[in-house]
Amino acid sequence: MPLPPGCEPQCRACAYRGLDETASTARKQDWLARRLAPWAAALAPLTATTGAARLGYRSRVLLAAERREAGWCFGLRRRDGVLAIPDCPVHAPPVRTTLHALAAQLPADFPLAYYAQSGAQATLIVKTRTLPATGWVDALATGLAGAGLDGLWLHRNPGAGVHAFTDNDWHLLWGAPRSRDADGLVYGPAAFQQPLPALHAAALDAATAFLAPAPGVAVADLYCGRGASLARWSAHGARTLGVELGGEAVACARLNAPAAEVLRGTCRQRLAQLDPWLAAVPAPARRVYANPPRGGLEPEVLDWIVATARPARIAYLAYLACAAAPLARDLAVLDAHGWRVHHLLPFDFFPQTDHVETLALLAR
Ligand SMILES: C[S@@+](CC[C@H](N)C(=O)[O-])C[C@H]1O[C@@H](n2cnc3c(N)ncnc32)[C@H](O)[C@@H]1O
């Protein structure tokens, strides 16, 4: 298949970009069937978007920045410099428009290390000892608003690299500090964004139907982000408690799900508080929803689920990349301790890449 317009041939980020929809879906399905073979009977067909929606879906990006003689470029950091991907067809149109506006207006001597965008919030990340001058921002305002942005931030993080953000040294340069997504949920510049909101909603619908949140039921929501799932459980009348590491995400989760309790920290660190909270309801009324980062559940958290919390039902939304499948590792432990894998529902959150999100639904 020819590469779509704007796709940089040297970029390796979208491993399946040479495949059409049918071939990509077949390969993901086949890979899932091998990786999740012990639960083959529970594995559903991949739910995927089709046609034009398979491009332009990525509204959360982190790109390295480099000033060259010809101007600014944004892309992937490599040993020999930044590989520019200004027109990457997977990026959402507002990302591309903002990158072009920045490339045209950013002063040549601005010490930009990374550019991040999360929905309508954009961030310039610098690694300097002092804050750089930003008087030029006003001239960019019309371009930023035209690109659909609500806010532009300066974040000073001398350690930026694998982790782009720290909690401190954020400066709003222009616009509003928070945005709302299509569901009305508040988010900020560091927010985790699930791509393809319709697929995420379908995954949450399936999790809601399985967990059956209701008065008398308690849902512990691990790695809850800005609270999209928390808001669901509490809207159904369940007692809800979320745990999340990011400070901004915790603040947004408290706004998005005011009836829920939200603890800040790693799930591992918060087990001492989770434990009595969940134990206050009988085991048949206990639920766990987990959507951890790509490494899967922290080992202590998995131990706690099987040995202490013992929820009647678990919904586990996992990111899988062809290099690693922590979901299979975690399912094997849950399976061995008496939780049956009822459904494995894969969702193609990242078309044209070799990643696939899978919702596992388990009951004791
Ligand atoms: C895959 S995202 C899921 C977020 C949320 N469920 C959603 O759909 O928006 C993982 C979240 O876990 C948070 N996180 C990372 N490590 C964590 C940890 N050890 N304990 C708690 N939260 C963590 C991240 O900040 C991020 O918000």
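Placement of Cβ uses the backbone N, Cα and C atoms for every residue, glycine included.
TrEMBL annotates Gln194, Tyr223, Asn291 as S-adenosyl-L-methionine-binding residues; of Glu244, Glu248, the candidate listed for that same site is Glu244. Cβ packing within 10 Å was compared across the binding-site residues Gln194, Tyr223, Glu244, and the lowest neighbour count falls to Gln194. Shown in sequence order, Leu222, Tyr223, Cys224, Gly225, Ser229, Tyr316, Leu317, Ala318 are the residues of the chain, 6+ apart in sequence, with a C-beta less than 8 angstroms from the C-beta of Asn291 (S-adenosyl-L-methionine binding site). Spanning the residues Gln194, Tyr223, Glu244, Asn291 that the record associates with binding S-adenosyl-L-methionine, the maximal Cα-Cα distance equals 16 Å.
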